[in-house]
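Before any comments, here is the structure.
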Amino acid sequence: MQLIIVSGRSGSGKTIALRVLEDLGFYCVDNLPISLLPTLVHAVIEQYQKIAISIDVRNLPEHSEELLDSLSFLPKGVEPEILFIDSDDNTLLKRFGETRRLHPLSQKELPLLEALQAEHKMLEPIMERATWRLDSSDLSLHQLSEQVTERVLGRADKKLIIVFQSFGFKYGLPKDADFVFDARILPNPHWQPELKLLTGLDTDVQIFFRQEPLVTKFIYQLENFLDTWLPHFQRSNRSYLTIATGCTGGQHRSVYISQQLAERFEQKAVKVQVRHRELKTHG
């Protein structure tokens, strides 16, 4: 049986994710109290091979030990995958302003920002046990649906998906990154007038980097690092591994490095995805 637990802060996209899972053939239950999880799974294990449930802040036990107890009472051989979806505070504030929905903690008469921050604190026990995370801050509904679909389908054939993501440090760290590498020490084509307005996807910029020994060494050592540890991640209960490489603005160095790593690991029959965060939003 495949069991996916979907959690995250209100407004982050849990409902969208659960709807996607339902379309993918999962038996879905929304807002199930975590204490009822073992009972539900035992009741339907003969009838359904794929189950997804969503858990929000109202369904969590008061003590984190109760969460562990609920997971330990699942049928033998059922290893839950926990998808935790979140967005930054500003994005969530904007979404609540647009929909005019009440936050689940609004009954405590907290201002919205304080309610969101309190919710984050309360969800920490399940967030810490997440096997995959999604930061939906910059994702449209379609993009969120697409990422959930890609990762679930990738998990169906038991293959770990490696996501190579480029980003700009000036715009903040990616929240869903498992490893972050800093490419700001590398030569920067931004200072070449003819390359400034191009990106790491352009041929002229790629030629510039191929002529830089430090860039070649950087890629070589990252590849060796991932070659060493990838087998260990493949044996764990994970759907994906996000490798984020950042430079100042996320246009040149990080884009080139991420592309190069993706191409190299694709040649090794590893399932990869590439995302260039700033090319979508600041390019």
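From the backbone N, Cα and C atoms, a Cβ is placed for every residue, glycine too.
Taken from Swiss-Prot, the feature ATP binding site applies to G8, R9, S10, G11, S12, G13, K14, T15. In sequence order, I85, D86, S87, L92, S136 are the residues of the chain that are 6 or more apart from S12 (ATP binding site) and have a CB within less than 8 Å of its CB.
Residues or ranges marked as GTP binding site in Swiss-Prot (evidence: sequence analysis): D56, V57, R58, N59. Neighbour list (R58 (GTP binding site), Cβ cut-off 8 Å, at least 6 residues apart, same chain): N31, P104.
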K14 (ATP binding site) versus binding-site residues D56, V57, N59 - nearest by Cα: D56
Cβ contacts of D56 (GTP binding site) (under 8 Å, same chain, 6 or more positions away): S7, S10, K14, N31, P104
Separation of alpha carbons, V57 (GTP binding site) and R9 (ATP binding site) (Å): 8
D56 (GTP binding site): secondary structure state under DSSP, collapsed to three categories: coil
Shortest C-alpha distance to N59 (GTP binding site) - which of the binding-site residues G8, G11, G13, T15: G8
